[in-house]
């Protein structure tokens, strides 16, 4: 029995290896170029993957690419939990936490309501607003993992990842200028940057371009938004499960609590309690980044470039509207609540 199981695992590994190897090489190349030229690694991995989309039809690489775009993705999201610490809650204060949390929830609500005017259904509305409100591409991939699948699932995910990454890059450049125009102090600027820019890398870039204090505060605020990922995905999965019908989903109702969400929560609790050694936390955090880069490369290889254009200009305007809503809400909150 054990020998048969081992043989089965070896056969499965041999099937997955070629596709995963290609995705991993793309991830490595993306990280190398990002470190030397300053471009977002997640966007490079996506674009390089799309350039090699022909491999998703090859019998040797197809299983590994499919595995990378689903299982590797979920494992990477689960490992994000190690970034959560009690320092986030103790340093920021109650008012800041309430402002950031309310901004996250209201942005998702805005997306779900405004989607009707843009002609989108709840799947794209939740995917895009969750990415804008929480943590950009990572949130998009986590949310995509729980949404019912259809023929346009991949192109919606790709479009959202590209959109929020580009908007994050624009915000990294423009938001420090905006906060200077409003004469915000360094701490308040950090709160604004951390609460509004989508991706972690751009938050760090924008924050530390102002000052070290701004960068540190922005990073903590961003981690608070990352902390919102698990409860929001958990609640959404329960709602989707209650709505799902076997005829619509094709695979029956989704699990009560996705395993990767449980993994995120467990790791977040262990990290917050200080039960994880620093070496384990550092390794898991780095592993999460590499797994997500590999996963997005695999997603890119499953997508035809023309599929992104099919989403349309209205989707781009929708993403911009969600981004502007979040920025305006946080800016108003910081104005009305001085001394945060």
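In case you wondered, yes, glycine gets a Cβ from its N, Cα and C as well.
Note that the structure is predicted; figures quoted are calculated from it, not measured.
Nonlocal intrachain contacts for the transmembrane segment (39-57), taken as residues 6+ away from its ends with a CB within less than 8 angstroms of a stretch CB, comprise 19, 22-23, 26-27, 29-31, 33, 65, 137, 158, 161-162, 165-166, 168-169, 199, 201-202, 292-294, 296-305. Here TrEMBL flags 39-57 (among others) as transmembrane segment.
Look at TrEMBL and you will find 64-82 (among others) tagged as transmembrane segment.
Here the transmembrane segment (88-112) has long-range neighbours at 122, 125-126, 128-130, 132-134, 191, 194-196, 217, 220-221, 223-225, 227-228, 232, 318, 322, 325-326, 329-330, 333-334, 337, 340, meaning same-chain residues at least 6 beyond its ends whose C-beta is under 8 angstroms from one of its own. Per TrEMBL, transmembrane segment is recorded for 88-112 (among others).
Feature annotation from TrEMBL assigns transmembrane segment to 124-146 (among others).
The transmembrane segment annotation in TrEMBL covers 158-178 (among others). Beyond the ends of the transmembrane segment (158-178), by six or more residues, the same chain brings 40, 42-43, 46, 50, 124, 127-128, 131-132, 136-137, 140-141, 189, 192-193, 196-199, 201-203, 205-206, 209-210, 296, 299-300, 303, 307-308, 311, 315-316, 319-320, 323, 327 to within a C-beta distance below 8 angstroms of the stretch.
Residues 77, 80-81, 83-85, 88-89, 92, 97, 100-101, 104, 108, 126, 130, 133-135, 138-139, 142-143, 146-148, 194-195, 200, 252-258, 261, 264-265, 268 of the same chain lie 6+ residues outside the transmembrane segment (223-244) yet bring a C-beta within less than 8 angstroms of a C-beta in it. The transmembrane segment annotation in TrEMBL covers 223-244 (among others).
Sequence annotations record features per position, and here TrEMBL assigns transmembrane segment to 256-276 (among others).
Taken from TrEMBL, the feature transmembrane segment applies to 313-337 (among others).
No contact links the transmembrane segment (64-82) to the transmembrane segment (313-337), because fewer than 3 Cβ pairs that are 6 or more residues apart lie under 8 A.
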